[in-house]
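Residues or ranges marked as ATP binding site by TrEMBL: A:K103, A:K143, A:E179, A:A180, A:F181, A:V182, A:E187, A:H210, A:N264, A:E265. Summarising the annotation, TrEMBL assigns domain 'ATP-grasp' to A:107-294.
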There are 2 protein chains.
Amino acid sequence: MTLGILGGGQLGRMSALAAIRMGIDVRFLTPPASGGGTPGPVAPFANVTLADWTDPAVLKAWASGCDAITVESEWAPAQECADAAPDVPVRPHPKTLRLIRHKGRQNDALRDAGLPLPRYANCATPEAAHEAARAFGLPVVAKKYEGSYDGYGNATCRTPEELEQAWADLASGDGMLVEAFVPFEGEVSALVARREGGETAVYPIIASEHREHQLWAAHVPAGLAPEAEARAREVAGDAIAAVGGVGLLAVEMFWMRDGSVLVNEIAPRPHNTGHLTIEACGGSQFENHVRAALDLPLADPSLRVPAACMVNVVGTREGPLAPDYAAALAVSDAAVHLYGKADSRPRRKLGHVTATGETPEAAREVAERAVAALGL
Amino acid sequence: MTLGILGGGQLGRMSALAAIRMGIDVRFLTPPASGGGTPGPVAPFANVTLADWTDPAVLKAWASGCDAITVESEWAPAQECADAAPDVPVRPHPKTLRLIRHKGRQNDALRDAGLPLPRYANCATPEAAHEAARAFGLPVVAKKYEGSYDGYGNATCRTPEELEQAWADLASGDGMLVEAFVPFEGEVSALVARREGGETAVYPIIASEHREHQLWAAHVPAGLAPEAEARAREVAGDAIAAVGGVGLLAVEMFWMRDGSVLVNEIAPRPHNTGHLTIEACGGSQFENHVRAALDLPLADPSLRVPAACMVNVVGTREGPLAPDYAAALAVSDAAVHLYGKADSRPRRKLGHVTATGETPEAAREVAERAVAALGL
C-alpha cells in the first residue's frame, strides 16, 4: 500500500516513520520553497517530489499509484489533488478542510451540531464587531477567519479602540470572528482518528501549556476528573463527526472550572500535543493518521503508561543546528525527537522530547532536562 | 550526525527508523544483488548506494562524511571499509567481527575469558572429531566454522557414521567444531549495547522458540528465577567484553535446568529476538545500536511493560507479497512490522508482530492472531 502526503514537514516525517514500520510506502509532494532549508524533515525519505503542487499535471502523476492521499496541514491543495486524480481518495476530505479552514464556518458547523463553544459572532462589518463586544462584554477575542497559528491572527481586545485596531489588522473581505473571552482553567486537546463509515478512536485528553502563544509542553493525564475526561472525549468525537472528519484530527478545547469543555478549534491533522502518543499510547497519532487515511482498522489509543510529558525543542537563535547529542542522550528515559531541520531560528519547532513516568511532573522534569541539554 | 550502515536488510531498516527519530542521518551501502527483490527493506530511504562494497574507492567515497560505520551482519566488509576510510570508526570493530565470524576462534576467546560454554573441540582432522565425540559421548553437534545460520551448517550426530557425514558436509580447510550435546531447558538471548570505554547496557533476558531451526517467537520475561536472570545478564555482558564488542551485540545462550547458562554464540548486530524491545523496553535495540555505533550515551534497556511477545512473519510460498492489512490491523494491541520485501518465499523473514500484555502467553496469543491474519 502507498500513502501520499501533501507536505514535507515534521508531521509528514513522523507519519512516514509510522507507515514504514507497518510496511506501508509513503510518497511526499511538497513545493520546493517549503521546509525552509535543506535538508528538510523529509530529506531522509526516498520518495519526495519537489514541484508545484497546485499544477494538475504534477498532482495527477504524483497521485497515480497511491491508495490514498492525506495532508500535513489544512492549507495543502487537497481539492486540487482530488480534482486532478479523482480515483484516489483524499482524507480528510477536501470539504472538511474547506470548512475547518474558515473559523467562522467551522464554528457554525459545530454550533449547528449542538457542541459547546464560546459565544461568538461572525462579523461582516466593524459595527457588527462592536455590537458583539457589547453583547458579550469586554474583553473579547478577535480572530482572523483564515491563516492564524501560534497566536498570530488573534487579538484580545479590552477596549473598543483595541477592537477597532483588531479589525484593521485581522478582518478580511468577509470580516472577522469575535468571541467572548473565556476564563478557562486550562487548554486541552483530544486526538480523534476516524474512518470512513464512522469507526472512531479518541485518545486520552492531553493538557497543553503555552509560552508566548506557542505550545511549549503537553502532558497526560490532563488532570480532569473521570466524568469530565469522558465528557471531553465525547465532545471531541462529536466535533470531528460534525465536520465529517476522516483521518486523524485534533480538537483544541478550553477546560472550564466546572469541569466542562468548550471547543476552541479543530486541526485536521496530527497535532503537536499528540507527539507524546508515540511513547505513551497503544498506537501513536501518526500510526492512526496512516491507518485512517488508508481506511484501515484503527490502533488502540489508550494510555500504556501512568503519565507522559512532551516538551518542544524550539529555536532560540538564527543559524545552523548543532544539537549536543551526547548531553541530551545522557538523560536516561528521555525520547529525543529531532526533525532534521538544518537551520534554527527563534520560535522554530526543531524537535521535541517525551518522557514517561509515574506523574506528569516527574516526566516533565526529565523531558525539560533533555531539551535544555540539547543546547539549541 | 551521520551513521553509515553496511547492508540493506530489515536490521538496517529498523535502525534507520530509530536514527531518523533522533535526527540522525543514515546512509546505506549494499551490493546490488543483495536484498533479493525490489523494493528491498531500505528502499524507503533516500541515501542508499547500490555498488560493489568491496571496492576501496566506493567505500572511501561512501564513508566520507560519516561519523561512524556499522554493519548489518558479520559478513559485511568491515575491514575493507576501515582500510579504505581509516578516519571513520567502524563499530563493532573489524577485529571483533573477524573473531566472531569463526566459531572456533570465538569459542576460544570466550573460554579464555572464563565464560561458561558447552564442551567443544576445534577439530582439524576427522580423527580429531571422532576423538572429541568419544571424549564428550554421543550425540555431539558438529558445526561449520563460518557461515552457518538458521540451523544450516550444524548437524547433530548420533553415530560415528553421522559424524563422518558431517565432516564431509561441514569441514573447511581448518576442519570443524565439535561440541557436546547440551540437554538445555531452553534457548535465551541477551542484547548488549557497549560503548568504546566500556559503558554497557544489558537488556532483559529474552526466551526464544524455534521451529525447524528458525526463530519463530521470542518473549520476555524469559521465566528465569531472578538470580538466574542476573547471572545470565552478567555472562552476556562479560562475553561481549571478552570479544571487545562495541555497538549492539547479541549473546545466544542455553538455559540449563539448574538455572545456569552456557554461551552458544554471539551475533555482532541487532538480533531477531530483540525486535520486541521496540515496544517493550525504554530504548530499543535499534536505538542503542545507533547510539553505541556513534559512541553516544546509551538508552535505558529496562522493561517497561509486564510482558511482551514477538512472532515472526515468515514466508510460506513463492510469489509477490499481498498482506491482508485490514485483517491484521484489526487485531487490537498488535504492533505490525513489515520489512518492505516485494517477494515472498518459504522461510523468508518478511516481518514480525509484537504484542505487549500481562503475561508472555497473553501477548503471544495476540501476536499470533495478527501474524495469521496477514495471510502470508
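Start at 1 and count along the chain as shown; that gives each residue its number.
Yeah, the Cβs are placed from backbone N, Cα and C, and that goes for glycine too.
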Taking DSSP as the reference, which of helix, strand or coil describes A:K103 (ATP binding site)?
helix
Largest CA-to-CA spread of ATP binders A:K103, A:K143, A:E179, A:A180, A:F181, A:V182, A:E187, A:H210, A:N264, A:E265, angstrom:
21
Going by DSSP, is A:F181 (ATP binding site) sitting in a helix, a strand, or coil?
coil
If you average pLDDT over the domain 'ATP-grasp' (A:107-294), what do you get?
96
Using a Cβ cut-off under 8 Å and a sequence separation of 6 or more, which residues in the same chain sit near A:E187 (ATP binding site)?
A:A207, A:S208, A:E209, A:H210, A:E252, A:M253, A:F254, A:W255, A:N264
